[in-house]
Amino acid sequence: MDRKTIPTWIPSYGILLLTIVLAVLIAFVPDKSPLFLTVLCLNLVFCVLNRKFFSSSVVAVVRSLVGLLFIFSGFTKGVDPLGTTYVIHDYLEAYNLPWLTGLSLFGSFFLNMLEFTIGVCLLFNVKFKWTVIVTALMMLFFTATTWYDAVANPVPDCGCFGKAVVMTNWQTFYKNLVLDACVLVLLFSVNRIPDRRPAVFNAVIAGTAALLFLGFEYYNYRYLPVVNFLEWKEGTRLFPENPQPVQHFVTYRNKLNGEIKEYLLEDCPYADPMWVENWEFVERRDVDPNPQTVNINIVDKVDDEDPGWDVTKDLLETDTYLF
């Protein structure tokens, strides 16, 4: 069948549907999946091959979805600009740029504001051509960075959605490849989407979004986040109600015949000198029957002799000041 005889909406919506399905599958596909990477790359190829045939309705849907995602990304980081500052600091250290770490806070405010403003401009179709070009440049940078993160793992958490949605480096790279497909749809359509709004209107929308979001970031920086995605937020229960005792199990090996036994710690026959002589310690495990309320393990390893010693409970329950 001749390509010209196929309605433009069929391949356009096919690519849109495939892109949405791939975005959903990111949560279920294992890291470093060759098959999934191949499909993601093929989706990019499909976008290039169909570059002249994206319908205006598909462009509008993609523009709105990308805009909402950028708004969400900017919000989840802007609600905790200090958290993004630490991530930027980690990146600068990992890339051997310590002389730039002093600009981490400024970079956090600017990056979050830029993402949010781009999202608003896309959502309201403000200066479509230039907004898409800036978006494409950002995605080119982010895709290259997250590819290196996925391969070399210099920073374990890119913080692309703050602490609201924590993703592995490979999931972040997958996500950016999906976004790249969406940006290609927009990029190939920039000359077909007219901008009939006055320049003043566009400037007011973009400027208002940027200034309001900078104020929002400053408030969250100066005070507590208006929406706290961290585990240690106010009102979090550190210990469960009516806590049950933690059970400690120890495993020993018989020196004579290699037999291995596990004992409840209080049932271990330490008083038997013959047992003490013939059995050697292998490992210890702890079973906590209480539901975990929050991850409050303050100190993972405080002693080389006993790396499993957790002093969290003792520290939190002390009545005196600790420094």
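Placed from the backbone N, Cα and C atoms, the Cβ positions cover glycine too.
According to TrEMBL, the protein has these features:
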type: TRANSMEM; residues: 12-29; note: transmembrane segment
type: TRANSMEM; residues: 35-53; note: transmembrane segment
type: DOMAIN; residues: 57-188; note: domain 'Methylamine utilisation protein MauE'
type: TRANSMEM; residues: 60-79; note: transmembrane segment
type: TRANSMEM; residues: 99-123; note: transmembrane segment
type: TRANSMEM; residues: 130-148; note: transmembrane segment
type: TRANSMEM; residues: 173-190; note: transmembrane segment
type: TRANSMEM; residues: 199-219; note: transmembrane segment
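Counting Cβ pairs under 8 Å to the transmembrane segment (12-29), the stretch among 99-123, 130-148, 173-190 with the most such contacts is 173-190. Within the chain carrying the transmembrane segment (199-219), a Cβ under 8 angstroms from the stretch's Cβ atoms is held by residues 74, 78-79, 81, 109, 112-113, 116-117, 120-121, 124, 126-127, 226, all 6 or more beyond its ends. Scored by C-beta pairs under 8 angstroms, the transmembrane segment (130-148) has its highest count with 173-190, from the stretches 35-53, 60-79, 99-123, 173-190. Sequence-distant contacts of the transmembrane segment (35-53) (same chain, six or more residues past either end, CB-CB distance under 8 Å): 8, 11-12, 15, 18-19, 22, 25, 29, 174, 177-178, 180-181, 184-185, 188. Across the domain 'Methylamine utilisation protein MauE' (57-188), the prediction's mean pLDDT works out to 93.
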